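Trainee: Input: one structure, supplied below.
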Amino acid sequence: MSQPDPMLRPEPLESDGEDRALRPQRLEDFVGQAEARANLRVFIESARMRGKAMDHTLFHGPPGLGKTTLAQIMARELGVNFKMTSGPVLARAGDLAAILTNLEARDVLFIDEIHRMNPAVEEILYPAMEDFELDLVIGEGPAARTVRIELQPFTLVGATTRLGLLTTPLRDRFGIPTRLQFYTIEELDLIVTRGARLMGIPSEPEGTREIARRARGTPRIAGRLLRRVVDFALVEGDGRLTRKIADSALTRLGVDHLGLDTADRRYLTLMAEHYGGGPVGVETLSAALSESRDSIEEVIEPYLMQQGLVSRTPRGRMLARLGWRHLGLDAPRTQESLFDE
């Protein structure tokens, strides 16, 4: 069975720690997300001019697009402390209370995977976000009492890959919802070029662009591919990042010209050969591929849909015309008529 290549998955890996030195430190150094950056610049400057905590911010979109980096930049530009945690870690109300009561005025608290937060923990977050107050229940049974604790004004930055899983009360408390989009090849090229320069590796424009083309529109993946290509350039090349060494390295790693790996191609091939291009339900695909539904919906499908290889319909997933073309196959006549409508 073909397993997804971890290198081409947008979730963080332990080896990604090497990328921290390559991350932009200021908003002006951040490449891509032009609309989000422009708006954040206004909100940050306004908060600084007023001397107030910036409004609560929610970053949503596919993984690996820079949510954590933007949150860190926000704190740095605001000149405040940055505290980071994640939804699954906050198992009890006391866990969140301990963090909130230690925040200083205007600090930024970043909660990754906020959609996975315990509902009981989420409940105490509401008054904290709205009124900067914390209501804690002390004791049990008839002796239980509620204690209200005043908090310092702070900025909560939430990050999620599944906006639809956020409850409406929580989602509505974020004054600055911001969707992050996949990056263009040109933007990724700038990121790869900057990364190669910071690594001290000479690069040719065609070499960095080849990596950018295969990075699935995701900076995190671009950074991983860059490191692997540099390995090949140092060991099997002359130390320069050229198109030839990039193409050779990525091909050997199983990354095709669109950035698809064996798991992606298996998904497309399954739809074409076993289900005639669809429509087919996600549960059926999950069973056939031995992949969890979440993995298919959060990791595999977003990029395939963004590239126009797969479409989602009320009746299920369908292989699009470009998907058939990528496999080198002709679409069935029944599907061709749908494409032509």
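Glycine is no exception: its Cβ is also placed from the backbone N, Cα and C atoms.
Dumping what Swiss-Prot says about this protein:
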type    : residues                                                                                 : note
BINDING : LEU22, ARG23, GLY64, LYS67, THR68, THR69, GLU130, ASP131, PHE132, ARG173, TYR183, ARG220 : ATP binding site
BINDING : THR68                                                                                    : Mg(2+) binding site
BINDING : ARG293, ARG312, ARG317                                                                   : DNA binding site
REGION  : 1-21                                                                                     : region 'Disordered'
REGION  : 4-183                                                                                    : region 'Large ATPase domain (RuvB-L)'
REGION  : 184-254                                                                                  : region 'Small ATPAse domain (RuvB-S)'
REGION  : 257-341                                                                                  : region 'Head domain (RuvB-H)'
Trainee: Hey, for the DNA site built from ARG293, ARG312, ARG317, who else sits with CB inside 8 A of the CB center?
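Mentor: Here the nearby residues are GLY281, VAL282, LEU285, ILE296, GLU297, GLU301, GLY316.
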Trainee: Would you mind listing, in sequence order, the residues at least six apart from THR68 (ATP binding site) in the same chain with a Cβ closer than 8 Å to its Cβ?
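Mentor: In sequence order, the residues whose Cβ lies under 8 Å from that of THR68 (ATP binding site) (at least 6 apart) are MET84, PHE110, ASP112, ALA159.
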Trainee: ARG317 (DNA binding site): which of the binding-site residues LEU22, GLY64, GLU130, PHE132 is the nearest Cα neighbour?
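Mentor: Looking at Cα distances from ARG317 (DNA binding site), the smallest one goes to GLY64.
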Trainee: Count the other Cβ atoms sitting within 10 Å of the Cβ of PHE132 (ATP binding site), across every protein chain shown.
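Mentor: Its Cβ shell of radius 10 Å holds 17 other Cβ atoms.
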Trainee: To the nearest whole angstrom, state the Cα distance for the pair PHE132 (ATP binding site) and ARG312 (DNA binding site).
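Mentor: Each residue's Cα considered, PHE132 (ATP binding site) and ARG312 (DNA binding site) end up 42 Å apart.
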Trainee: In the region 'Small ATPAse domain (RuvB-S)' (184-254), how many residues does DSSP put in helix, strand and coil?
Mentor: 51 helix, 2 strand, 18 coil
Trainee: Between GLU130 (ATP binding site) and ARG293 (DNA binding site), find the distance joining the two CA atoms and give it rounded to the nearest Å.
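Mentor: Distance between the two Cα atoms comes out at 35 Å.
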Trainee: Counting by DSSP secondary structure, give me helix, strand and coil numbers for the region 'Head domain (RuvB-H)' (257-341).
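Mentor: Helix/strand/coil tally for the region 'Head domain (RuvB-H)' (257-341): 51 helix, 9 strand, 25 coil.
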Trainee: From the Cα of TYR183 (ATP binding site) across to the Cα of ARG312 (DNA binding site), what is the distance in angstrom?
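Mentor: TYR183 (ATP binding site) has its Cα 22 Å from the Cα of ARG312 (DNA binding site).
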